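Okay, structure first, notes after.
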Amino acid sequence: MTKYIFVTGGVVSSLGKGIVAASLGRLLKNRGLKVTIQKFDPYINVDPGTMSPYQHGEVFVTDDGTETDLDLGHYERFIDINLNKYSNVTTGKIYSEVLKKERRGDYLGATVQVIPHITNMIKEKIMRAGTITDADVVITEVGGTVGDIESLPFLEALRQMKSEVGSENVVYIHTTLVPYLHAAGEMKTKPTQHSVKELRGLGIQPNILVVRTEKPISQSMRNKIANFCDVEPEAVIESMDVDTLYSIPLNLQAQNMDEIVCKKLHLDTPAADMTEWAALRDKVKNLSGEVKIALVGKYVQLPDAYISVNEALKHAGYTIDANVKIDYFDSEKLTAENVADELKGYDGVIVPGGFGDRGLEGMIQAIRYARENDVPYLGICLGMQMACIEFARDVAGIEDATTGEVNPKAANKIIDLMADQEDVENMGGTQRLGLYPCKLKAGSVASAAYGNQDVIQERHRHRYEFNNKYRDELAAKGLVFSGTSPDNRLVEVVEIPENKFFVAAQYHPEFLSRPQRPEGLFQAFINASAGK
């Protein structure tokens, strides 16, 4: 029988529900259980693919091409699993599917309502996440805060799950805040009490409380919270701020959270062996070297827009005992006149993905600086496209080289709309998305980065591609096309072998990086940046 764990949040948002859920998933996996995890987002968008990075942060892409919440990146990195379309469910997706069924006549003339039709669809998504992966445990995080009107159908579905699958197969975890009032010198439990009261008013009695605190909670305070919220004192789990996220699974384990969960779910498993994880935590806390990377992008005001890139850079740094210090540069503010002063002193330059014409010329200036000064460069998606345009302009002499994304009628579109995108009308969910194979050129820098593999599988998210009309012309000037689709039609990787490291990929390598298994291109880039 599949077991279900539901993680909700109260008092305020951004308490770290996603990290708690991911940490618990890691603990249960290390107990020998097969775990899957999903995020419910209460917004009306079908997915975050068309949302501004300033509002939502990064759009994380799964193997099957689903555009998802950035929390799925945390899940994949912490638990080291690959997720799917059932791992991110939005209100928009639920309503869209229910309305399609209604139009087909699937409800046989019934009045379609939130209960039971919407809640049944939500429960179907929960159960499907388990059956499609054959998981022992499904962990479901509900976005937002208890009390939000948008979350009510999801919470009602969670309430119904208890009677549907049996109380012995369900655990409810509620994350709350115990604030410290500096003026009074006291910690206050009242917000937690009220949050749990509101959750109980919706029919859900939490089994475990994870309380976010600034200072340690005393045993007497733990007892007080337990008494007012009707949980066992040992089920009140303290979650203090930490210097590295990798401490959180170990902190939860030290408070027996995974043991409490397994006992409630009648799961007889050995204790989680977290030796390797503890070693990772210790390494991260004691890095001796430093590598300075300049990240040049369009959305740098919100670093969460590049969170997987940031994490992938850090993962590669752990391998060489180096802290990767990332400084952000707004590409709109970089010019031919100031780029050298701005980027001087950095060990490497990276230009990640993005959309639209804003800030492209600044990216091109950063790429030119890296190429001409032999500073290690890694381009991702848009960063690969701009690298091709910079090379075409400044090396091949095609002065008006550009992208069809800026000017669809330009004479020299080095980057152009993919043929199968020309008749696409809807913007959402229609890009080239998900895992695709890439054939690597033997002896290339890219091939070496991946252990001389012939073919790799990487995740994509793009609508434009390199225009093959210019492949021979740029190759004659020294640009190596070191990665292509197996049929050789789509350019996936370009490089300049004369430079210390100048590699750019159309795909998004950051989505497959793990803290204990860095992604190949990122590792090669950081090695070159560190002079290894």
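Here, residue 1 is simply the first one shown, and the rest follow in order.
Placement of Cβ uses the backbone N, Cα and C atoms for every residue, glycine included.
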Listed by Swiss-Prot with SER13, ASP148, ILE149, GLU150, LYS188, THR189, LYS190, PRO191, THR192, GLN193 as binding CTP, from among LYS39, LYS123, LYS125, LYS224, is LYS224
Which of GLY25, GLY348, GLY354, GLY434 shares the L-glutamine site with TYR54, LEU382, GLY383, MET384, GLN385, GLU405, ARG463 in Swiss-Prot? The record says GLY354
For the ATP site that Swiss-Prot gives as SER14, LEU15, GLY16, LYS17, GLY18, ILE19, the extra residue out of ASP63, ASP64, ASP69, ASP71 is ASP71
CA pair TYR54 (L-glutamine binding site) / ASP71 (ATP binding site), Å rounded to integer, equals 16
Mapped onto three states, the DSSP assignment of LYS190 (UTP binding site) reads helix
Around the Cβ of GLU141 (Mg(2+) binding site), other Cβ atoms within 10 Å, all chains included, total 26
Within 10 A of the CB of LYS224 (UTP binding site), the number of other CB atoms across every chain shown is 17
CB contacts under 8 angstroms to ASP71 (ATP binding site), restricted to the same chain and 6+ apart in sequence, sorted by sequence, are GLY18, ALA22, LYS39, PHE60, GLU141
LEU15 (ATP binding site) falls, by three-state DSSP, under coil
Candidates CYS381, GLY383, HIS508 (recorded positions); nearest Cα to THR192 (UTP binding site) turns out to be HIS508
